[in-house]
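The following features are taken from Swiss-Prot:
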BINDING   CYS35, CYS62, CYS106  Fe cation binding site
BINDING   CYS137, CYS139, CYS172, CYS175  [2Fe-2S] cluster binding site
Amino acid sequence: MWDYSEKVKEHFYNPKNAGAVEGANAIGDVGSLSCGDALRLTLKVDPETDVILDAGFQTFGCGSAIASSSALTEMVKGLTLDEALKISNQDIADYLDGLPPEKMHCSVMGREALQAAVANYRGETIEDDHEEGALICKCFAVDEVMVRDTIRANKLSTVEDVTNYTKAGGGCSACHEAIERVLTEELAARGEVFVAAPIKAKKKVKVLAPEPAPAPVAEAPAAAPKLSNLQRIRRIETVLAAIRPTLQRDKGDVELIDVDGKNVYVKLTGACTGCQMASMTLGGIQQRLIEELGEFVKVIPVSAAAHAQMEV
């Protein structure tokens with residue numbers, strides 16, 4: 001379980017500036033629902049002074065994503081665009097009295113959304129470096145340019161650091177070799193030598209290997225407490241049942257539609273449909289499920305029309 005500061009909890013349970021800003025003239029979209037994290041930042045900018053008058057956010061992600069987005073909107077209000085662009089992802093984390101290392105990618109996403117919103121306001125196009133050859137992590141659609149920029153901005157030195165800040169390498173691990181290559185080049189540029197960290201899984205194998213034959217056999221079932229699909233579905237339903245009364249008090253509800261691998265499809269109904277807080281509701285559900293199941297899952301909203309098609 002991650003240790004969150006009181007400020008992170010405050011911005012998660014009582015987020016500031018949730019929802020789209022009315023009359024926004026700057027919009028920044030980053031992330032992807034299919035990858036489990038998405039953020040839209042909307043700004044209202046005074047065209048004569050370039051001062052940010054108001055800011056709002058809509059996000060689909062974990063509690064740290066909500067807290068980081070909430071913090072960012074508070075930080076930028078009253079600043080000029082150029083002043084706001086000086087805010088780093090570390091500044092966002094510091095504003096929240098710190099984030100767990102595994103959640104630093106949420107602050108990076110906030111900074112990217114701010115850059116995208118400013119570019120949108122100025123009519124600029126953010127360089128698209130997501131060419132096929134530049135894509136490093138296919139699981140989370142992270143390109144080489146983002147990996148390099150994040151390594152430089154945060155002085156990262158390990159694959160684990162890169163995963164914490166960008167999510168690259170957090171899926172199938174096939175991109176670890178490419179990440180190590182980039183780390184080798186970037187560390188060399190700042191006069192350092194990259195040393196690959198030992199893989200924790202290998203240490204476990206070394207310890208177990210000398211054990212007598214009966215011990216590993218006895219340990220095998222206990223070492224793999226994987227839930228069956230039926231058990232997973234039951235746990236998911238239990239979590240939704242616990243959340244449902246809160247939604248029903250606001251005349252909303254949530255329904256489990258399907259579970260496909262790590263994808264959990266749900267349908268929001270009643271007042272939850274089209275609610276500005278819907279993305280936050282989904283993010284909260286996803287966080288609860290991850291904690292309950294002990295594995296990463298993506299909560300994906302299904303519209304009424306899509307649900308009807310699934311039933312046919």
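We count from 1, first residue shown onward.
For all residues, glycine too, the Cβ spot is worked out from N, Cα and C.
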Cα separation, CYS106 (Fe cation binding site) to CYS137 ([2Fe-2S] cluster binding site) (Å, whole number): 17
Distance [Cα-Cα, Å, rounded] between CYS106 (Fe cation binding site) and CYS175 ([2Fe-2S] cluster binding site): 21
Other C-beta atoms that fall within 10 angstroms of the C-beta of CYS139 ([2Fe-2S] cluster binding site): 16
Binding-site residues listed as CYS106, CYS172, CYS175, least Cβ neighbours within 10 Å: CYS172
Candidate with sparsest Cβ neighbourhood (10 Å radius) among CYS62, CYS137, the listed binding-site residues: CYS62
CYS175 ([2Fe-2S] cluster binding site) to CYS62 (Fe cation binding site) - Cα separation in whole Å: 24
[2Fe-2S] cluster site shell beyond CYS137, CYS139, CYS172, CYS175, criterion: Cβ within 8 Å of Cβ centroid: ILE136, LYS138, PHE140, VAL142, ALA168, GLY169, GLY170, GLY171, SER173, ALA174
DSSP three-state assignment for CYS137 ([2Fe-2S] cluster binding site): strand
Secondary-structure category, per DSSP, in which CYS106 (Fe cation binding site) falls: helix
Rounded Cα separation (Å) that holds between CYS139 ([2Fe-2S] cluster binding site) and CYS62 (Fe cation binding site): 18
CYS172 ([2Fe-2S] cluster binding site) and CYS62 (Fe cation binding site), distance between Cα atoms, whole Å: 20
